[in-house]
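In Swiss-Prot this protein carries:
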type	residues	note
ACT_SITE	D83	active site, proton acceptor
SITE	R24	site 'Important for substrate specificity'
SITE	T84	site 'Important for substrate specificity'
SITE	Q168	site 'Important for substrate specificity'
Amino acid sequence: MMSDPNNAPQDHDSGIVLASASPRRSQLLAGVGIAFDVVPSDAPEESVPEETPQQHAIRLSLLKAREVANRPEVKGRWFIGSDTIVVRDATILGKPRDARDAADMLGSLSGRSHCVISGYAVLDRITGKEVADAVTTVVRFRKLTDEEIQGYIATGEPFGKAGAYAIQGIGACMIPAIEGSYTNVVGLPLCEVVETLERLGAVRLFASDRPLCAHLDPPA
C-alpha cells in the first residue's frame with residue numbers, strides 16, 4: 001500500500017522522482033527541462049501467467065513507482081515508474097544474457113517488424129492518485145547479415161537493452177521506419193508522461209510564466 005500522505009514529512013510534499021536507473025529515461029526527462037531526482041526501484045520484475053504484454057508493462061510500472069513512493073526516507077511527491085519490453089510474435093524479448101543470446105534476438109528481428117511496449121505510471125504521493133497506461137510502437141528492422149549482427153554485438157550496445165538494440169545509438173542504422181512514438185522505443189513515452197504530469201499538477205511545460213515545475217516560484 002502507499003504511504004499515508006498525512007504521515008509524510010513536509011519536505012516530501014514537492015518534487016518529481018524517477019523510479020528508474022535507466023540513463024535513457026533520465027536523458028529524455030532532462031531534455032525537456034524537467035527537474036527530478038532518480039531513485040531506482042527494487043521492485044521484482046516477475047511475469048504473471050496469462051498476462052498480456054501491455055498488462056505486464058503497466059503492472060511493473062506501477063510496482064516500481066509504488067515501491068519507491070513507499071520508502072519514508074525518499075523525498076518527493078510525484079513518482080514515475082516505467083517498464084519497456086520488446087514483443088515479437090507474442091514473445092517478450094528481455095535483455096540478452098550473453099553474445100549468443102543477443103545474436104539470436106537480432107536474427108529473429110532481422111527483416112521483420114516487431115512491437116515495443118512501454119508502460120508508464122505516475123503516482124501522486126499526497127492525493128494517492130495513480131495514472132498508468134502503455135504505449136505501443138511498431139519498429140521495422142532491415143535485413144541484417146550475420147556479419148552485421150556480429151559487428152553490432154562487438155560494439156557492446158546490445159547489452160542491457162530489451163531486444164538487444166538501442167534505437168538512439170548505432171541500432172538506428174538497422175531501423176528504416178517506425179510507426180508511433182520514438183521516445184517510447186528509447187524507454188519512456190515522453191509525450192504521454194509529460195501530459196500526465198501536467199494533469200496531476202506536477203509541471204507546466206508550456207506555461208508562459210514558467211517555471212517548468214509547478215512547485216517552484218516563477219522568476220521575479
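Cβ coordinates come from backbone N, Cα and C, glycine included.
Nearest in space to R24 (site 'Important for substrate specificity'), taking C-alpha to C-alpha distance over the recorded positions D83, T84, Q168, is Q168. Straight-line distance linking the Cα atoms of T84 (site 'Important for substrate specificity') and Q168 (site 'Important for substrate specificity'), rounded to a whole number, equals 15 Å. Here the CA atom of D83 (active site, proton acceptor) lies 17 Å from the CA atom of Q168 (site 'Important for substrate specificity').
The DSSP secondary structure for Q168 (site 'Important for substrate specificity') is coil.
The recorded sites examined here are T84, Q168; by Cβ neighbour count within 10 Å, the least packed of them is Q168. Looking only at the recorded positions R24, D83, the densest Cβ neighbourhood within 10 Å occurs at D83.
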